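Participant: Okay, so TrEMBL annotates it like this:
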- 42-447: domain 'Amino acid transporter transmembrane' (DOMAIN)
- 1-28: region 'Disordered' (REGION)
- 45-64: transmembrane segment (TRANSMEM)
- 70-95: transmembrane segment (TRANSMEM)
- 120-141: transmembrane segment (TRANSMEM)
- 168-189: transmembrane segment (TRANSMEM)
- 201-222: transmembrane segment (TRANSMEM)
- 242-261: transmembrane segment (TRANSMEM)
- 282-301: transmembrane segment (TRANSMEM)
- 330-347: transmembrane segment (TRANSMEM)
- 368-387: transmembrane segment (TRANSMEM)
- 393-416: transmembrane segment (TRANSMEM)
- 428-453: transmembrane segment (TRANSMEM)
Amino acid sequence: MTIGNQAPKKERKSRKSKPVNENAPLLPKSKEEDAGFDEFDGASFTGAVFNLSTTVVGAGIMALPATMKVLGLGLGVAMIIFMAFLTEASIELLLRFSRAGKNASYGGLMGDAFGKYGRILLQVAVLINNIGVLIVYMIIIGDVLSGTSSSGLHHAGVLEGWFGERWWTGRFFILLVTTLAIFSPLACFKRIDSLRFTSALSVALAVVFLVITVGITTVKLINGSIMMPRLLPNVTDLTSFWKLFTAVPVLVTAYICHYNVHSIDNELEDSTQIKAVVRTSLALCSTVYIMTSIFGFLLFGDGTLDDVLANFDTDLGIPYSSLLNDAVRVSYAAHLMLVFPIVFYPLRLNLDGLLFPSARPLYQENMRFASITIGLIALIFLGANFIPSIWDAFQFTGATAAVCLGFIFPASITLRDRHNIATKRDKILCIFMIVLAVFSNLVAIYSDAYALIKKNSSPRE
């Protein structure tokens with residue numbers, strides 16, 4: 001557990017002196033490219049915790065109350081805590097092997113362990129995961145501002161509630177304006193450090209959402225209008241048992257931040273603090289996740305939707321219900337708008353590294369930078385308009401790329417053990433990670449397919 005700090009402090013103290021892997025897809029690679037970042041003297045511990053927490057707390061938090069409906073409150077909270085510890089273990093392995101191989105990025109580490117094709121596989125996984133996550137961001141924003149009918153019952157959006165059904169309150173137009181007016185300008189920054197102020201605001205907005213939700217639930221608990229929730233899952237047959245595993249990909253997706261860990265590590269003024277940064281961030285995010293899950297599920301019970309924000313369009317049974325509903329939904333929708341560019345940044349760099357591995361640094365090529373940015377934003381916009389449910393998107397990304405990024409790739413790197421630093425405990429843990437990831441997600445995919453077939457065949461019965 002101490003190998004991650006083996007790099008000499010003098011070598012790791014300054015951002016300029018850190019080892020650079022020229023194949024790294026997420027970071028500046030050449031001296032010429034790094035020169036553009038010379039004015040940055042290094043991030044503080046607090047700033048690093050802030051950036052990693054912003055990467056973690058995104059859209060996944062909105063699907064967590066729905067996992068409580070599947071798992072029950074007791075098992076659900078236990079699984080959130082368990083996945084946090086498993087995530088910390090996988091990140092620790094990444095950092096330890098990065099130090100041993102002097103790799104400055106996740107892609108460089110995969111390339112060191114598995115060669116060119118390992119690096120390409122990592123880049124593809126980041127593309128799939130981040131595109132899926134950004135599509136979910138847009139879906140949530142569309143649900144909040146325009147409304148959703150994914151559950152069969154229409155839930156009005158904020159703008160529809162304010163102005164009624166108009167052509168300009170429709171999902172397509174709302175997402176188009178949001179994309180052109182907010183996402184596109186924020187995506188044009190060539191330095192991730194330029195987004196630090198929007199990241200600060202996004203965290204503040206997430207806290208506003210959580211505080212209001214806790215307050216509403218507390219008031220309803222005091223006046224006795226909330227029933228005791230289920231602590232354990234409702235398992236009545238084999239099908240309901242298999243359905244429990246469909247919550248795992250959502251939990252895995254909620255903690256994915258691995259693609260930004262190296263970037264944050266490289267920006268730290270004192271890189272020996274990275275392990276403390278990771279643990280502090282995961283502890284903070286786990287607390288937010290647990291509180292959101294508990295109070296969100298308490299508030300809506302078995303009526304909790306896949307995107308819990310869509311539940312905030314009904315009378316909550318307390319004073320100023322309508323105002324509080326709108327405050328909750330608008331605050332978190334604004335939060336996602338500001339987190340969008342943080343996730344988009346590594347997505348663009350990985351796509352550029354995949355398509356143009358030998359080209360000049362992306363920030364020096366305005367035409368290439370603009371083309372990739374426009375193409376990715378257009379793809380995400382189309383996906384958000386054709387995927388009806390946040391749960392569907394999370395099931396897909398969680399069952400594929402997110403599991404690879406979070407567990408399968410770190411475990412595979414450790415089992416490969418090119419530098420002979422893995423312990424027996426490490427290898428046992430990695431085998432457990434791979435078996436759990438593969439088994440749970442195969443069952444989740446099977447359960448989803450079975451439920452879809454059963455749903456389509458039921459009208460004929």
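Just so it is clear, glycine is given a Cβ too, placed from its N, Cα and C backbone atoms.
What you are looking at is a predicted structure, and each value in this text was computed from that prediction instead of being measured.
Could you place the listed features in the three-dimensional structure?
Facilitator: Long-range contacts of the transmembrane segment (45-64) within its own chain (CB-CB distance under 8 A, at least 6 residues past either end) are made by residues 76, 80, 133, 136-137, 140, 196, 199-200, 202-203, 206, 250-251, 253-257, 260-261, 264, 267-268, 270, 273-274, 276-278, 280-282, 284-285, 288-289, 292-293, 296, 306-309, 332, 336, 339, 342-343, 390-391, 394.
Remote same-chain residues near the transmembrane segment (120-141) are listed as 25, 58-59, 62, 106-107, 110-111, 114, 174-175, 178-179, 253, 256, 259, 307, 309, 332-333, 336-337, 339-340, 343-344, 346-347, 350-351, 353-354, 376, 379-381, 383-384, 387, 389-390, 393-394, 396-397, 400-402, 404-405, 409 (criterion: CB distance under 8 Å, separation of at least six residues from the stretch ends).
Sequence-distant contacts of the transmembrane segment (368-387) (same chain, at least 6 residues past either end, Cβ-Cβ under 8 Å): 131, 134-135, 138-139, 142, 171-172, 175-176, 179, 183-184, 187-188, 190, 344, 347-348, 351-352, 355-356, 359, 362, 393.
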Participant: Six or more residues out from either end of the transmembrane segment (168-189), which same-chain residues have a Cβ under 8 Å from its Cβ atoms?
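Facilitator: Residues packing against the transmembrane segment (168-189) from afar: 138, 141-142, 145-147, 157, 159-160, 195, 198, 337-338, 340-341, 344-345, 348, 373, 377, 381, 384-385.
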Participant: Determine whether the transmembrane segment (70-95) and the transmembrane segment (330-347) share at least three Cβ pairs under 8 Å, counting only pairs 6 or more apart in sequence.
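Facilitator: Contact absent: fewer than 3 Cβ pairs fall under 8 Å.
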